[in-house]
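Features of the protein shown, as given by TrEMBL:
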| type | residues | note |
| --- | --- | --- |
| TRANSMEM | 37-54 | transmembrane segment |
| TRANSMEM | 120-137 | transmembrane segment |
| TRANSMEM | 144-165 | transmembrane segment |
| TRANSMEM | 185-205 | transmembrane segment |
| TRANSMEM | 226-249 | transmembrane segment |
| TRANSMEM | 255-275 | transmembrane segment |
| TRANSMEM | 373-392 | transmembrane segment |
| TRANSMEM | 412-434 | transmembrane segment |
| TRANSMEM | 455-475 | transmembrane segment |
| TRANSMEM | 495-517 | transmembrane segment |
| TRANSMEM | 529-554 | transmembrane segment |
| TRANSMEM | 574-593 | transmembrane segment |
Amino acid sequence: MLQVFRVLTSFGGIRNFLGLVWYDIDTNGKHKIKLRFSWFFFLFCFFLIWLVMYKLNFSCTKTIFFEYTAYDLNFLVLLGFECLESTAFNGIATNLVVYLRNVLHGSNASNAANAATWSGTSYFIPLVGALIADTYWGNYKTILISLTIYLVGMITITVSAFAPSLKPPPCEGSSCQPATRAQNLMFFSGLYLIAFGSGGVRSALLPFGADQFSDENPVEREKKRAFFSWFYVTITFGLLTSGTLIVYIQENVDWALGFGIATLCIALAFGGYLLGTPIYRLRMPSGSPLKSVFQVLVASCRKMSLEVPTDCTLLHEVNDKNSDNLGQERLMHTEEFRFLDKAAIILYSDLKDNDPQSSWKLCTITQVEELKILLRLLPIWVTGILYCTAYSQMNTTFIQQGSAMNTKIGSISIPPASLCSFEVICIMAWVLFYNKIIVPITRSYIGNGRGLSQLQRMGIGRFLMILAMATAAFVEARRLERGKAGEYISIAWQLPLYFIIAGSEVFSLITQLEFFYGQAPDTMKSMCTAIALLTISFGNYLSSLIVTLVDLATTRGGSPGWISEDLNSGHLDYYFLALTGLSALNFAAYLSFARNYTLKKTF
């Protein structure tokens, strides 16, 4: 045993053990080697996640081997659900363009347009699903119905990929027969059912999981904070699993089998979700949040000529605690946006038997404060979009930068896109570092028992993004300098960059989900969570716009531009410096907004 350990810990042993997947693509037995690595990497990451959670002393981890409680089981069931859902969704999304090109024989332009439209739809639907969940169905029912649609869509595209009559024949040389209208209809019907189903799940699952823990119980409040962290980790782990295992099977074994595995993941998630029904805490829908918003706007405009009383107790609020019986919180009055307080000014004409005649004329303080919360969240949300613009470089320009480097470390050749797997491991390391080192230190230093606030954590994440972009610019400048001498720097130069990005992601993106959920009124939990997730989508759109504008501005007069086809002729470092400046401005704006942010207060 000692001899085996010595072999593995030697450089050659590690190279042969981990380097199987990175041998030259012409090596015989390539497919078998890659599959072995995928299984090793999958099991290794699963073990790492369990180890980190166990070291963090999460009670949910200990229940795996010792004792079970209902809410610990909720924790595990919903995290397992999200891991399976993320694996299934990314098993479709990651390789969608390849399937459209290689199997349905679509053109590059139409494939890009179809993939972008579908991706945009899947990120827009959560907002619609959140409104439905908060208004009519509740989170549990929304997830259940969305899962049904999701599963039907997965089965549809699996059948489409399996049946020869539902896809065009393989290409013969350079001659490729495009898919017929019926074949496209079959596949895209399933694809958009997946978009609607996944959007509905995405809108309700995170707030549903958070509903399982009570803020009034300190132990459960701590578990809720852990839930947000590990919910995000399971999303990333699902992406890693689909990118290593499902994508390999799709491209090297069979597309139908790859889609079938993704379908099985959704079926398992569906079954596990149903089995957990008896132990879930359910929060009932409380009416349309948008209706309340418009009522406040209309009522305040009707009374725009009135003066707001200095004594807030003169404003209208429900005193019989009917809202408490419905499980809704009542919000305390704040001094910001005083114009909206006019909606709660009581006039005799608004009352009938001491009760308001219409909510379009007289609103409660709680309704007014709900709208104020949305207005306060808006600036934080905008800084989240700008943050995600820089964050999205990890899937675009960072990979392009890595492609222009020496991708070998020793004798191991590392594809640039595979460094995203390194980032996943770094996320786990940062979570462990934060919970075991930063939290205890900040708790004792600040003395509030909780450590860093959510706003402080998001600020740290945005500051780390400045360091990440500056690091990318430095690495690119170094690469260009060495490139002029005909040398290629090692892709290992990018490892610190991905490590910093992982830390920024832990502090900013994970905390942002927790913050928006915590600040959201009871009637808008799902909607605010969906809005928080939209920053990722809008950040990608803004990144595409910036790239287009930079390309137009820097390619005039025959110049190759900053983001040239040949990066050695361009100046990608200038682009990263521009993003560094944008991130710095965004950080400064965030500090201003966060410093003046008024947290939600309840009775």
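Using N, Cα and C of the backbone, Cβ positions are placed for all residues, glycine too.
Caution: TrEMBL annotation is automatic and unverified by curators.
Contacts between the transmembrane segment (144-165) and the transmembrane segment (255-275): present, as 3 or more C-beta pairs lie under 8 angstroms, all at sequence separation of six or more. Contact between the transmembrane segment (455-475) and the transmembrane segment (120-137) is not supported: fewer than 3 Cβ pairs lie under 8 Å, counting only residues 6 or more apart in sequence. Fewer than three CB pairs closer than 8 A are found between the transmembrane segment (120-137) and the transmembrane segment (412-434), and contact between the two stretches is not assigned (pairs 6 or more residues apart).
Sequence-distant contacts of the transmembrane segment (495-517) (same chain, at least 6 residues past either end, Cβ-Cβ under 8 Å): 206-207, 210, 224-225, 228-229, 231-232, 377, 380-381, 384, 387-388, 391, 394, 398, 419-420, 422-424, 426-427, 429-431, 434, 454-455, 457-458, 460-462, 464-465, 467-468, 471-472, 475, 525, 528-529, 531-533, 535-536.
Segment contact holds for the transmembrane segment (574-593) and the transmembrane segment (373-392), given three or more CB pairs below 8 angstroms at sequence separation of 6 or more.
When the stretches 226-249, 255-275, 373-392, 412-434 are ranked by Cβ pairs under 8 Å to the transmembrane segment (529-554), first place goes to 373-392.
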